[in-house]
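Peer 1: Here it is, the structure in full.
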Amino acid sequence: MASSTFFSDWNQLIKPRVTSLVLATIIPGLYLASEQPPSVFLITVTLFGTFLMSSASFIFNQVIERDRDAKMKRTSNRPIPSERISIPQATLVGISMMGLSFYMLTVYVNLLTALCALTALISYVFLYTIFLKPRTTQNIVIGGVAGCVGPLIGYAAIGNSLPIQAWILFTMIFLWTPAHFWALAIFLKEDYSDANFPMLPVVKGINQTTKSIFFYTILYSLSCVSFYFLEPSMGLLYLVIVLLVCIWMGILSYRLIQNPERQAARKFFLFSIFHLFLINITIVVDHMI
């Protein structure tokens with residue numbers, strides 16, 4: 001039982017399921033940046049190094065937000081506010097993960113890749129968690145930069161450069177992020193209100209939030225389609241799949257305006273995760289065939 005609790009607690013701290021989506025956004029860059037497929041070793045080190053850096057950022061986030069987490073029903077049982085893991089212990093593990101990640105990526109990949117990963121951590125911890133999240137409804141719009149760095153890491157790992165295609169994929173995720181997290185904020189509105197986080201549904205109301213979700217969904221969909229025209233290796237497979245899933249995502253966001261209920265927001269939230277996974281997988285598959 002103690003062993004099960006130990007692994008469960010650290011699993012909550014490092015959030016591997018969330019990190020898996022970040023890792024998925026790295027893979028297109030690994031394949032698009034070179035005509036030759038990347039080595040298994042390079043893929044493994046890049047993904048594992050990023051996993052460590054992402055895990056460290058989530059640990060630091062929960063150390064900083066421990067008092068607010070204690071006020072939220074969804075997060076009150078996390079290991080730090082419930083005191084199953086101490087602040088010094090979590091901080092030490094976070095620093096160790098961050099240091100090991102930077103070392104691995106610098107030595108076995110390149111310095112640019114390590115700096116991209118470290119920039120993501122710094123922006124998530126300092127820009128988003130400390131500065132923006134407690135202060136503005138636009139916290140996730142600006143602070144979401146941290147979650148967009150995956151494509152930069154992928155391209156940097158292979159080519160030691162950041163070409164325009166990397167920034168296009170960065171922009172796609174940047175436009176995906178607000179709609180995704182505002183949908184989450186709708187069905188967790190009371191929790192965020194209890195913790196005094198100025199999330200958009202709390203401050204502006206759900207109706208305004210659903211309109212903003214629709215707006216960003218359209219921008220995100222347009223960016224997905226534009227990648228077909230800006231990346232020469234993309235073929236009809238990518239275009240067809242993108243059109244289908246973007247149309248459906250647009251329909252879901254419009255339905256959310258008409259029916260701004262928690263269940264509809266949750267449905268959009270879950271589909272947005274599937275959408276981003278599918279887009280990144282499709283990019284790789286289309287490039288390889």
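Yeah, the Cβs are placed from backbone N, Cα and C, and that goes for glycine too.
Copying in the features that Swiss-Prot gives for the protein in this structure:
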type: TRANSMEM; residues: 13-33; note: transmembrane segment
type: TRANSMEM; residues: 40-60; note: transmembrane segment
type: TRANSMEM; residues: 85-105; note: transmembrane segment
type: TRANSMEM; residues: 111-131; note: transmembrane segment
type: TRANSMEM; residues: 139-159; note: transmembrane segment
type: TRANSMEM; residues: 168-188; note: transmembrane segment
type: TRANSMEM; residues: 212-232; note: transmembrane segment
type: TRANSMEM; residues: 234-254; note: transmembrane segment
type: TRANSMEM; residues: 269-289; note: transmembrane segment
Peer 1: Within this structure, do the transmembrane segment (269-289) and the transmembrane segment (13-33) have 3 or more Cβ pairs under 8 angstroms, counting pairs 6 or more apart in sequence?
Peer 2: yes
Peer 1: As a test: from 85-105, 111-131, 139-159, 234-254, 269-289, pick the stretch that has the greatest number of Cβ pairs under 8 Å with the transmembrane segment (40-60).
Peer 2: 85-105
